[in-house]
Amino acid sequence: MTEPHRTALVRIVARAAPGVFVVLWSTGFIGAKLGLSYAEPLTFLILRFLLAVGLLVPLALGLGSRWPRNALQVGHVAVAGVLLHAGYLGGVFAAIHQGLPAGVVSLIVGLQPLVTAVAAPRFLGERVSGRQWLGFALGLAGVVLVVSEELRWQDADLAGLALAALALFSITAGTLYQKRHGASADLAAGSIIQFTASALVLAPLAYLLESRRVVWSGEFLFALGWLVLVLSLGAISLLYMMLRRGEAARISSLFYLTPPVTAVIAFVAFDETLGAIAVAGMGLAAAGVWLVMRG
């Protein structure tokens, strides 16, 4: 492949990455809900992480991936991974397993773009313009409308809310940490370190808190395979590629589109209702993300 063709291909991938990422990431909630019927959350995640490592090791060896040169670099990569995988996914999965309504989980985690925008100037030196602040506000309003019919606060308990708050903190801190310390890491080698570290962090918790029983049904295997291939390998790689090239606050705004796209997928695949308020929220969220990305 000639250099002009390689440059054109990179440009096409960069332009397509945000949309592809949103669609792939949005399937995660559905895959989690399906898989959690057959395994407890931490056990489910450990299996997911270990399977991802098993697929990535031969890939990294075959590609001649660059590994971190010293313990400090390994530590930075591992910390970002534990926050983004063990902290965020562990919090979300455990909150859903705890019975926290999906709408409440989506709303709490949906604060992540706004919290990242507040923190990014301080921790990364990024500048957020007035137009982008308007976009963040519109995006959050859109998420509220999309999940409004599922906001059953009466079904929310303190433990579930705390787990969702943990997920919010973890994905925000992990995004900032990855941008600052892990953006240059090799995707395959870095992911191996991150998934391994996350499994090691969750293993003692799963041993102490869960029965570790798994019902190996066809639905569970499908959910596990989907989350490994599409989310852990596909969506995460796209997220890291975008963080390497763009501002953390700008990239985080894409998470505003996750609840709308998840709602559309559920409408098409599971015949769930999609009311006028939710559709209006989708428009608001899309407008907000457009303002942030164009900011």
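Quick reminder: no glycine exception, Cβ is built from N, Cα and C everywhere.
Record features (TrEMBL):
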DOMAIN    22-147  domain 'EamA'
DOMAIN    159-293  domain 'EamA'
TRANSMEM  12-32  transmembrane segment
TRANSMEM  44-63  transmembrane segment
TRANSMEM  75-96  transmembrane segment
TRANSMEM  102-121  transmembrane segment
TRANSMEM  133-152  transmembrane segment
TRANSMEM  158-177  transmembrane segment
TRANSMEM  189-208  transmembrane segment
TRANSMEM  220-241  transmembrane segment
TRANSMEM  253-270  transmembrane segment
TRANSMEM  276-293  transmembrane segment
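Tertiary neighbourhood of the transmembrane segment (12-32): same-chain residues 44, 92-93, 96, 102, 106, 223, 226-227, 230-231, 234-235, 238-239, 241-242, 245, 254-255, 257-259, 261-262, 265-266, 269-270, 293, selected by CB-CB distance under 8 Å and a gap of 6+ residues from either end. Outside the transmembrane segment (133-152) by six or more residues, the chain places 101-104, 106-107, 110-111, 113-114, 117, 253, 256, 259-260, 263, 273, 275, 277-278, 280-293, 295 with a CB less than 8 A from a CB of the stretch.
Under DSSP, the residues of the domain 'EamA' (159-293) split into helix, strand and coil as follows: 116 helix, 1 strand, 18 coil. Per DSSP, the secondary structure of the domain 'EamA' (22-147) breaks down as 103 helix, 1 strand, 22 coil. Between the transmembrane segment (253-270) and the transmembrane segment (189-208), fewer than three CB pairs separated by 6 or more residues in sequence fall under 8 Å, so the two stretches do not touch. Long-range contacts of the transmembrane segment (75-96) within the same chain, counting only residues at least 6 positions beyond its ends with a Cβ under 8 Å from a Cβ of the stretch, are 29, 32-33, 36, 41-42, 44-45, 49, 68, 102, 105, 109, 160-161, 163-171, 173-175, 177-178, 181-182, 185, 190-191, 193-195, 197-198, 201-202, 205, 236.
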